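Here is the structure we will look at.
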Amino acid sequence: MWKSRRAQLCLFSVLLAFLHSASLLNGDSKYMVLVPSQLYTETPEKICLHLYQLNETVTVTASLVSQSGRKNLFDELVLDKDLFQCVSFIIPRLSSSDEEDFLYVDIKGPTHEFSKRKAVLVKNKESVVFVQTDKPVYKPGQSVKFRVVSMDKMLRPLNELLPLAYIEDPKKNRIMQWRDIKTENGLKQMSFSLAAEPIQGPYKIVVHKESGEKEEHSFTVMEFVLPRFNVDLKVPNAMSVNDEVLSVTACGKYTYGKPVPGHVKINVCRETETGCREVNSQLDNNGCSTQEVNITELQSKKRNYEVQLFHVNATVTEEGTGLEFSRSGTTKIERITNKLIFLKADSHFRHGIPFFVKVRLVDIKGDPIPNEKVFIKAQELSYTSATTTDQHGLAEFSIDTTCISGSSLHIKVNHKEEDSCSYFYCMEERHASAKHVAYAVYSLSKSYIYLDTETSSILPCNQIHTVQAHFILKGDLGVLKELIFYYLVMAQGSIIQTGNHTHQVEPGEAPVKGKFALEIPVEFSMVPMAKMLIYTILPDGEVIADSVNFEIEKCLRNKVDLRFSTSQSLPASQTRLQVTASPQSLCGLRAVDQSVLLLKPESELSPSWIYNLPGMQQNKFVPSSRLSEDQEDCILYSSWLAEKHTNLVPHGTEKDVYRYVEDMGLTAFTNLMIKLPIICFDYGMVPISAPRVEFDLAFTPEISWSLRTTLSKRPEEPPRKDPSSNDPLTETIRKYFPETWVWDIVTVNSTGLAEVEMTVPDTITEWKAGALCLSNDTGLGLSSVVPLQAFKPFFVEVSLPYSVVRGEAFMLKATVMNYLPTSMQMSVQLEASPDFTAVPVGDDQDSYCLSANGRHTSSWLVTPKSLGNVNFSVSAEAQQSSEPCGSEVATVPETGRKDTVVKVLIVEPEGIKQEHTFSSLFCASDAEISEKMSLVLPPTVVKDSARAHFSVMGDILSSAIRNTQNLLHMPYGCGEQNMVLFAPNIYVLKYLNETQQLTQKIKTKALGFLRAGYQRELNYKHKDGSYSAFGDQNGEREGNTWLTAFVLKSFAQARAFIFIDESHITHAFTWLSQKQKDNGCFRSSGSLFNNAMKGGVDDEMTLSAYITMALLESSLPATHPVVSKALSCLESSWKTIEQERNASFVYTKALMAYAFALAGNQNKRDEILKSLDEEAIKENNSIHWKRPQKSRKSEHHLYKPQASSAEVEMNAYVVLARLTAQPAPSPEDLTLSMSTIMWLTKQQNSNGGFSSTQDTVVALDALSKYGAVTFSRSQKTTLVTIQSTGSFSQKFQVENSNRLLLQQVALPDIPGDYTISVSGEGCVYAQTMLRYNMHLEKQLSAFAIWVQTVPLTCNNPKGHNSFQISLEISYTGSRPASNMVIADVKMLSGFIPLKPTVKKLERLEHVSRTEVSNNNVLIYLDQVTNQTLAFSFIIQQDIPVRNLQPAIVKVYDYYETDEMAFAEYSSPCSTDKQNV
């Protein structure tokens, strides 16, 4: 009973469907309204109305309903019976970036009413933003130059305000930030300087748009040496399983296009299994080598593979230098030796319309195979056919689809009718096959339309494309006289073209068949992809449709041409770069050394790259569940219905008109039949799918191949979210070698032309130039990459060591390379100089014959005579000669007949460098004040090494201001030392700003140093927000409490000047807070750098005072809970100190006094200062404090040594405590501070710093605050005179206009006595620096050093050019252990360290860091005790040097710099006269 009832309901539903058709056939009005499913604000959008068989006037209304209300889009009165019209409307900008709304379409007449709603996505019109950098890879310390480009989707420039941009390092630290960036005509050019030691790896430039979306661009920071040449590797893409030999061609070419002399090593390895073949060969005259590598033994013996992959690597080694460069490639060994590629095969078929198939047969190299049989089989039809490929390897088939009963069509195409190697374990070649599946298009009446186009072709812009439309119409067409086909073209989500075609129907024609052509203009607005929909409405209301996608050429309307005035230029010559673009275009130019792109290839800025940007993509809109569409009627499923009315039961793979419309990105409002009948079950609507037909197992295994063209093997990054002189040059002196040559913005004139005159850099290379132009009329334009070869017909290269010691001799070599096809008579000259003697080696120095494409090396044995920097100028000149050059006549090039290279050599005195600085602050009123000074030298001084100069400056910070990045004569390799490069810039900026002396030049320089220091300090940050000496990359398990507090206060103070990511400050503060105990004191984490901070004082007390001070200097109020508890800790600690009156707590008391002063607790500050006064040392008009115990001095001093780091630091804290008095320091505070300042200035070194890092930072803070409080602009001049007991005398005038100027004079008498006199009004800072070298002598020192070379003697032939240096170090001073220690190993002249062996030392437990500078190896040791530490590394000869002098090893305590020791080592062959 229930089943019978169910069947009746189903039949009733079917009848309803037929009644609906009948009603439409009887003349009811038909409506079809099409609108894009995604609508954009502030831009014209179209909605297309198709109203058919109207019998009355109607009004069409469209409105958009959102949570904010209803927006009426248009009201259109329709008077015509039939209407096909598109109406434009504009949606105002949304407050959010997008929202899902309902679009309502209402059609109302006197007797008719149609109303429907559909969900649409409304989006604000978005900009397209991308970033271009001047190059893809940077060295530490270089400037990152980049452009932000902003356009609309039509690629027109936008003047856009971008709220935020920043640079992110590999650790996700935000190291630089900009806000509110305004692009002008679509462009904004910016730059950022990297720190000298940044984190290396991938960096990101991130740009935020107003919508909140962000665009990213990546670049890499790494240490590198630019490759001088490139390696081109050619291997076949694929080979047959029967091939025994792999042909490999490797070529080495210099960046200026000439072949590389040398040899090549080729390695061929299988991917999945072990086994390689290596072949070595010499490069030929073209720089190439082709090798046939036998691979039979490498091929896999397994039988179950389809493809084997072989990796090929070619390493070219340059002759003479040993420089290497590699290139890799892959080749596939395949069992299928030819391929069939589908060029045409639609995804769907239509019953009754032929299904067209076009394939191409290609061989394993991708070349077409003509005159070969190709077989096709269609499983559903039991259809087979064969044809022969034409000359292009093409084969075409047409399959009659009339008799297909199912919903799918499975096709297989074979090269051979039967494959003799179809079983699994076959090792023979297999023949090509390809498969394709097409599914049916749904039509109730079996009527269809089909658009025929070559989908594989790319349509060129600004042309007409013809589309053939085929149709077949069945069913009851009545007395239909004509049929109108309507079409729409969409691109970028909008309707851009519409049209129609009318077909006249012949009386009695059944079925109606035909075809017609549509001509579609290919417009720029269609790039890169357009979709076309065609449909017609049959008399019964059924709609039939088809669609096709067009891939459009990625063209740009702004045609940009870039060219150099010549394709090849001499280095240092003038050239012109000419840009042609749309008038008034703004163009960004770039030219980069090709070597940079060899090192790290990048995606070329091209139209394809632009159209792949995220902002250019069109995503499909799927409504959310809350905006689901109105429920559709459905037919209740029954087996009876399925059996009796199969034409009414669709399969899930069939495609209806609704899907065609949806795939176009359209939404349809209609009362027509465009959708498959939905089968509904008792539990709801479910579309039914027919069982999928599985392909015959005989078709497997197979590989499907798609049409593709490989343009280059070079790896690319994925798309990103990234006037010339007419006079020939006769001589060039080359010294300018940039990596980026051109990075500029120019505007083309009204005729569309711009010319830039520029000088070609000195690098002999190929420059790659490109232009990006933006026009308000034509939008974006890109030039192709334009090369300029900077090349000389011949040039000279000079090699010499970085430095030598006086008395040593070395071989200076000059190699001349001739790349002309003719020979030249050459003359090579080393310019004479009184600074050295040079003896030619060989008898061809004056003149020799240099053959075509040849090279020749001339040598001189050079012995320097002067100390310091010595210039060597080598010139190579082609000369006129009547004598034949070999069998040829010698030629002289028209341009560039002379090449000159100037190089500098540092000549150092032998022995150990010593420096003494005598600094004084003179404050004169009216009476003249004077001071005597004696310069004396030790008996072991090295002859002629002494030099001295006297400096006068008008400001207390002048020296430090000039040397903010060189305050110490020490390395800066750890997190604490780096802060001396950072913090002093804050004090300098504050001081100069308060005293109104800040110039733009000083400000720019200081801000640059702050940004670099900020970047570098992030290297030492731990994941928990703390900081340590060497960061967490060296395995340090915990951060350092003291350093974290130091970084916290410095970052907080720097916020006033540069961008500091607030998260770094917050994380550091949180970590410190977690270290606070219940009593308010702080637990120590990590070791103290300077154990003088202990000095009999409770570590926790001193550390807590320092952290409290740092928190207060970070602008935290004294009432903050953490600070308040910390101050309670200090008050308790002060009580303990008062009770222990016999102990000395000078360092801790100085810190506490400053902390209480910062907190505003004047009483406690005064108490502590009074206690300190009792321990003060008052002498020579100065007041200072000393430590109770001092470390043992390492030698007898000629001069009173500088105070230790801790003593400078605690005296500076006393000054800061006095100057921080509230509301202002009293006259007594200023007077007492002045007395301590006098003592502090005498401790300064020649660069304005002090003994070490922390004392330099604190003392400069004190000096800057004192200078600001006491600053005055005197109208009078201060006169400074220095005179010797002999005839020397020099006067200096200091006034407001030259306060910051360094005035200096060399002192002639060493040894000698001098008098310094100061008269006038005001304070001046005077400094004398004495430097000399002294011979190493045995002395009592705080360290024991033992140095030895391995081998010890020259008996081992390796001792000539490479040997090991072994060191043993122990501490012999008065303390249990040293502070951090630096072992500074100077290189022998002409030798360089083998970097991997130095880096390997960092694996040792006691080595924290190593550095390799120009001429030194620095080894950082955590601390040294009486236990001997041993380590070794290897050095190798770079340039031969004769009469090698010993090199010095210096070991010293970083914070107690008078604790040091020296040793020396010699080459095992130092006395070997054949060392050169």
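A Cβ is built for glycine as well, from the same backbone N, Cα and C atoms used for every other residue.
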According to Swiss-Prot, the disulfide-paired cysteine of Cys587 among Cys403, Cys421, Cys773: Cys773
Region 'Bait region' per Swiss-Prot - which of 97-154, 677-734, 1141-1198: 677-734
For Asn749 (N-linked glycosylation site): DSSP state (helix, strand, coil): coil
Nearest of the glycosylation sites (Asn294, Asn1180, Asn1426) to Asn776 (N-linked glycosylation site) - Cα to Cα: Asn294
By Cα-Cα distance, the member of glycosylation sites Asn500, Asn871, Asn993, Asn1180, Asn1426 nearest Asn294 (N-linked glycosylation site): Asn871
CB contacts for Asn500 (N-linked glycosylation site) [other CB atoms within 10 A, all chains]: 13
Spatially closest candidate among Asn55, Asn749, Asn871, Asn993, Asn1180, the listed glycosylation sites, to Asn500 (N-linked glycosylation site) (Cα to Cα): Asn55
Whole-number Å value for how far Asn993 (N-linked glycosylation site) lies from Asn1426 (N-linked glycosylation site) (Cα to Cα): 50
Asn294 (N-linked glycosylation site) - helix vs strand vs coil (DSSP): strand
Nearest-integer angstrom distance between the alpha carbons (Cα) of Asn993 (N-linked glycosylation site) and Asn1180 (N-linked glycosylation site): 33
Spatial neighbour of Asn55 (N-linked glycosylation site) that is closest, considering only the glycosylation sites Asn313, Asn749, Asn871 and their CA atoms: Asn749
Inter-residue Cα distance where the pair is Asn871 (N-linked glycosylation site) and Asn749 (N-linked glycosylation site), in Å: 46
Cβ packing number for Asn55 (N-linked glycosylation site), 10 Å threshold: 12
